[in-house]
Structure formats: structure tokens, C-alpha cells
Amino acid sequence: MCDTCGCNITPGNRHLVISGRLSTTDNGQSAVKVLQGLLHENDRQAAHNRAHFDSRGVLCINLMSSPGAGKTALLEATLQALGDELRIAVIEGDLETENDAERIRRHGVPAVQITTGTACHLDAHMVHDALHQLDLSGLDLVFIENVGNLVCPASFDLGHHRNVTLLSVTEGDDKPAKYPVMFRAADLMLLTKTDLLPVLDDFDCDAAETALRNLANPAPVIRVSSKNGAGMDAWLDWLRDEIRTQRDRLEEGRSARPAVQPDGARLHAHAHHQHTE
Amino acid sequence: MHELAVCQSVIRQAEAVAREHGARGITRIRLRIGVLSGVEPELLARAFPLAQAGTLAEGASLEMESLPVRVVCNRCEAESEVPANRLLCGVCGDWQTRVISGEEMLLESLELVTAEEGEHV
């Protein structure tokens, strides 16, 4: 992850870095090698957001899933269980309506709703704007409930620390194989709505886990029902552990990015400008 | 889906580099897109004309190179090219692999109009 020892050179970009082929200088034209992540601006804003969370000692978790996989219900059950133990706030992302933020506020928890209009994902700038409406002091944990979508949200770093991807058992157990970018990015996979398993004969939790492993993702898998509370303890323990880990990291002056951010992360969003004239 | 947002980001970055070099225009933008990057080159190409209109990159061509997914096995250390949703070692079949290529989403290079030709206008 540095620009000095060459560890950011991958087989995908080695020839560019080493051969320096770009002297296609026609009359009045020059080629410039850039080698910069396509979401450079977003990544810069994300780093700023993360520094903001870190300076207040807050852990930020990004929840992603299809629409209707139970993100808001999971948050409600989590707030109910942890309300007295942790100070939590929620940033809600939807195309329209304030409905989810209102559901969260009923639990006495501050919630900021981002309505994206037509945008299918949150980006770091939207989260930054939301943070202006949120007092982080004294908080332990901020959840970002991303727009329900298994494609686009995976590509945007928001400045959070961990990705939690939900897969509800009313979907197919092969979702990780169908949406590899999303499930590669998961630091934790939650199989939700497990109270419905007895009436579903076509969702195999083990198969879902195998599909995740086939993406070389070692993330833990927790089976959970927000409705009957099964598996909630394991989920809450994971959260407590992540909060502890975040505090330990901050004491050592370190931060954490989500496991995988599909981007030129290895290039550290650093521009290598080279004139070829 | 999000390809227009990605395209707009590319154009803004390209414009920033062009300004840094005192260029008057951008004639070519080259990207490298990994199969596991979450971006579809075809959709990027479709969004590109919308994003470039009225910018320094108006009229620039877009070239994209697609990078396959390659993994290295943590167990047997073999390197193999794999499908995007099955990152198992191609040699021993183990799932504990590292992706070494295929996640890239890079602005590789730009061609800029920098000289004084055209100044006669």
C-alpha cells in the first residue's frame, strides 16, 4: 500500500509502471500516465469521513442488501437490544421517503435520512452531508443503511469501517455467486429472516455459506431472525467485539477500512503523473 | 446503474490532470477495468458521452481494457485465472486465495492537447 517499495504494483498494472509506454507524442499532443482509482474523489471524501468517525471514537458499519432483506428490521431489533448499552445513531439511505428514519427515531435514536432521488447507492459525499446533521460526540456506533441494491453500493467507500451484507432466506442461496462484487466486500454475512426457514424448502444456509467461501471470503456467517430473536446474541457479540477492536485500534493510532473495496486500493489513490513530451 | 457516477468522476479527474498540465483539451482517456471491479465497461461506454459533454474531454475517445481475475493460492501458492464468482485455486481447489488482479478500476492514462497549434485561430 505504499508508493516506494513497489508493493502496490500488481500484475494488472506492472507493465504500466515498469515499461513506461506512453510516449505517443503526436504533434501538439502528450500522453499522461495517471494510474488513479476511478473513484479518487469519492475515496478522498471517504478517508475524510473515516477520520471524522475515528476522531470521535465511533465505529461505523455499512449495511447492504437487496431491498426488503430486513435491514431496517435488524436495526430496530438491534437498537432494542443495545439501547441501554451503547449510544447509536443511524444514517438511512433510500431513493425516496423519510419512512425508515422515522422507524428508527421511534426507538429514541437519532437518524438522518438521505434521499438519493434516482441514485442507486450512497457515496462518500452524501454521507458527509448527513454527518453535518449528526452530532457524533458521545456516540459508540453509527450504522449506515445503504440503498437496497446488491450491485452499486459495493463500489463506493463511504468512510465506514466494516461492511455487513444481509442475505434473507426468501432470496436464493446462490446470491453470493450472482453478485460476487457485493459479497466479496462483506466483513460479515447475515442470513436474515431465519424464522421463515421452516416454510421454505429451497434455501440451504450451508449452500449460501459455501457460495461465500467460493469468493475466497473468510467472513463469519451468522443466521439471525429479527422477529424471534434467534441468532441475535451472536450478531450483538460481533458488534461489541468490533467496537472493542475499533477502540484498541484508535489507541494505537490506526484505523480500518472494510475488507475489500473494489478499487485501485493497492495504488492508494495516488496519482503518478509523468510527462512524456 | 452507477456507471454514470463513475464516468463523471473519471471526467472530473481527467480535467484536473489536464489543468495541472496546462492542457487545452483531452483527446483520449484510457481505463483499466477489472472483471471484479463492479463496473461494466459497456455501461461505462454508454454513459461516457453524457458525462463528457461540455467538458475539456468533449470529443475524447474512451478506451477500456478488461482485466481478468487472477488469484494466488494461500496453500499451494499457485497462480490461476478464475471466473469472477468462483475464486478457488485452479490447481488445488482451495478457497483460501488472494485476488492479485481483476479488482482494478483505474484511470490509466490521458492524451492531452498541450501545444500551441490552433493558436492561429
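Each residue, glycine too, has its Cβ placed from N, Cα and C.
Straight from TrEMBL, the features:
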- B:H2: Ni(2+) binding site (BINDING)
- B:C73, B:C76, B:C89, B:C92: Zn(2+) binding site (BINDING)
Rounded Cα distance in angstrom between B:C89 (Zn(2+) binding site) and B:H2 (Ni(2+) binding site) is 31
Cα separation, the residue listed as 'Ni(2+) binding site' to B:C73 (Zn(2+) binding site) (Å, whole number):
32
Binding-site residues, contacting chain A; criterion Cβ under 8 Å; candidates B:H2, B:C73, B:C76, B:C89, B:C92
B:H2
Taking just the CA atoms, what is the gap between B:C76 (Zn(2+) binding site) and B:H2 (Ni(2+) binding site) in Å?
37
Could you say which of the binding-site residues B:C73, B:C76, B:C92 has its Cβ with the most other Cβ atoms inside 10 Å?
B:C73
Report, in whole Å, the straight Cα-to-Cα distance of B:C92 (Zn(2+) binding site) from the residue listed as 'Ni(2+) binding site'.
36
When a 10 Å sphere is centred on the Cβ of B:H2 (Ni(2+) binding site), how many other Cβ atoms does it contain?
24
I need the neighbours of the Zn(2+) site defined by B:C73, B:C76, B:C89, B:C92. Which other residues of that chain put their C-beta within 8 angstroms of the C-beta centroid, in sequence order?
B:N74, B:R75, B:E77, B:A78, B:S80, B:G90, B:V91, B:G93, B:D94, B:T97
What three-state class does DSSP give B:C73 (Zn(2+) binding site)?
strand
